[in-house]
Amino acid sequence: MQKKQQSDKPTQKDEQLTRHTEDGAEQFLTTNQGVRINDNQNSLKAGERGATLMEDFIFREKMTHFDHERIPERVVHARGEAAHGYFQVYESMAEYTKAGFLTDPSRITPVFVRFSTVAGSRGSTDLARDVRGFAVKFYTEEGNYDLVGNNIPVFFIQDAMKFPDFVHAVKPEPQNEIPQAASAHDTFWDYVSISPESTHMVLWVMSDRAIPRSLRMMEGFGVHTFRFVNEAGKGTFVKFHWKPLLGVHSVAWDEAQKISGKDPDFHRRDLWEAIESGNYPEWELGVQLVPEEDEHKFPFDLLDPTKIIPEEVVPVQRIGKMVLNRNPDNFFAETEQVAFHPGHLVPGIDFTNDPLLQGRLFSYNDTQLIRLGGPNFAEIPINRPIAPVHNNQRDGFMRQTINRSPASYEPNTVAGGCPYQAMMKQGGFTSYQERVDAHKVRGRSESFFDHFSQAALFFNSQSEPEKLHIINAFRFELGKVSRKEIRQRMLGILSQVDTYLAEKVAEGLGMPVPEVLEKPINRVRPADAGPDEYEPKSVPQQVGASAALSMANTVKDSIKTRKIAFLVAEGVDVADVSAMKGALVSAGAVVQVIAMHLGEVSGADGQALAVDQSFLTAASVLFDAVYVPGGADSATKLSTIPAAIHFVNEAYKHCKAVCIHKDAIAFLRKTALPADTPAAGLLTGNDADAFIQAIAQHRFWEREAVDDIPA
Ligand code: HDD
């Protein structure tokens, strides 16, 4: 049951951060030592035309700081954006976990969430075909808990040992650092074509999930199976999900590529603007719970991060809501310096032995040491817990805390034994007492060896347009691969997933599907087997298709925050513009008026209409729908503007809702849109309700069946 959420009251974390902020308003400019600066334009010189003096401490301080402003970008997930907010659980989950933020419905837990792409550098485009990072830091009363997930529920590899190789393969190639933020190159496809365990994830990455319409419209997943632990010490397996209240929506691939040029900050801007305008992004936290006794009841291993538990098999229970309601004050201080780590745990949640998760537990802390410059990064304001910190860790670069105690060791008597260890009942963290009885081996369980069944489950669950997009994505990506043998091997892998998929991709590549599957060079093997004894297995899954895997079944009941372009020229019917705009805005959409030039256009009745953007700065790919309002003169003028015709053609090609007032039928005839036959999502008239309903559908993908729009 959903409970009323809290307001915009500052959280405890907001208040803590405020103590570290400054804004310089009404203040003098000073050095870092607080000395007021009298001239910030000129260095100190030996004479007006003379050399700069070494003693110019003001110049030296300013320049030295500047020279040291950059820190290493994240080795993966370098490009990101973040926001503050809060989380609240609907009802106590105490039956399964003792985590305070999941058991007390009255608790407002502050969060900081960073979204990211994986492969690109800090300055790369938002619309890369890529996985999106979805990292949530919960500042709980018992310490920080980080849920460091992605928008795709599985991963490329099963063991963290493979992560550096995988990342080297997907990153730009080492000889020339090409391509930026793209997997469409030889080394990525070389790697995955010989690593069958990547197949399921590759299917997801070739799907529209990898090109979201908005960060606010994507799901999040913890990926691994984690463990809840209740007060009695009983464990329950748990998979985490974030379900966006606006539904899961994506753009078209042609559109994504164009957005990358028109506005490479598209997702970052969208998130920022939504929060600034009070349209706070919201997700429900979902959990799939599996009793420990059921661990082996699945046709896959719960510890294998390349597998999902279909929602039809274990339903997702929605247990709470997260709202993002505040943009950061400073990108570097907050978004860049935030340090996530799957090992940031609180009592009530624990790990499993998923070998990918186990390796992550080492990597994240290690990477922060180089990225943030030393072991005191937890003292950076954005990383500080709201729970008090007391321990005997001391010193190191940039230490902030002034520890007063005479003892920096424990046990001690000189400080009265403080700080004390906490017993379990006092909130002390104790690891889940899993029984382990095994040999030490370097190898993998055979229960991880089914690499294709869930890839097939994913493909079978897609709607026809989604399948087409996957096929086209493979054609695009493999089309950029220069080595024929890599394309060939990949077709072999696809033939193990779905014959139709392999054949359609092969057709696009002008190559046959190989009749005999070349044995993948997969070095994954059971500990006691030789390299040649490995064979992927195929295990029947519990369901053949899962509705939750298709975006066709997502929420389509709202046009909140959707951006609608109104194309106008002199002579436009201003009353019609106002009526349509009024209806769309009341339904939560954002309307922008686009004309040949900025300023104003005069309407048919002489009334002036303000213009938001010209055709020079606006592009159809930055909008969700288009309206061409009434006013015969305006429509006639638009018919002579190639940019206006292109705008509508392109919006239509990308399957968006298009509404053309009946006064503008002549303009419609100038476009490549069908003027005389009905087409899905193409409305003629000015019926606002019908237009709103069409926009809410997000896209009319069925239009792609007729690919005759030159845009
Ligand atoms: Fe990772 C960053 C998510 C596997 C090693 N990872 C990073 C971020 C996200 C993820 C969202 C960005 C955090 C931020 O915004 O600062 N990573 C995942 C998921 C994985 C995964 C969902 C699989 C389920 N990662 C993974 C493995 C390793 C790493 C197997 C290494 C063993 N990941 C890192 C890292 C990064 C990182 C190198 C780079 C920057 C950072 O940690 O802080 O340590």
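Backbone N, Cα and C define each Cβ position, glycine as well.
Among R114, R209, R213, R318, the residue that TrEMBL places alongside R74, F163, R360, Y364, R371 at the heme binding site is R114. Rounded to a whole value, the Cα-Cα separation of R114 (heme binding site) and N150 (active site) is 11 Å. Cα of R360 (heme binding site) to Cα of N150 (active site): a span of 14 Å. Counting in whole angstrom, H77 (active site) lies 10 from N150 (active site) by their C-alpha atoms. Y364 (heme binding site) sits 15 Å from N150 (active site), taking the Cα positions as reference. For H77 (active site), other Cβ atoms within 10 Å of its Cβ number 22. Residues R74, R114, F163, R360, Y364, R371, recorded as contacting heme, have a largest CA-CA distance of 21 Å. The secondary structure of F163 (heme binding site), as reduced to three states from DSSP, is helical. Separation of the C-alpha atoms of F163 (heme binding site) and N150 (active site): 15 Å, rounded to the nearest whole number. Sequence-distant neighbours of R74 (heme binding site) (same chain, six or more apart, CB under 8 Å from its CB) are G80, S116, T367, R371, listed in sequence order.
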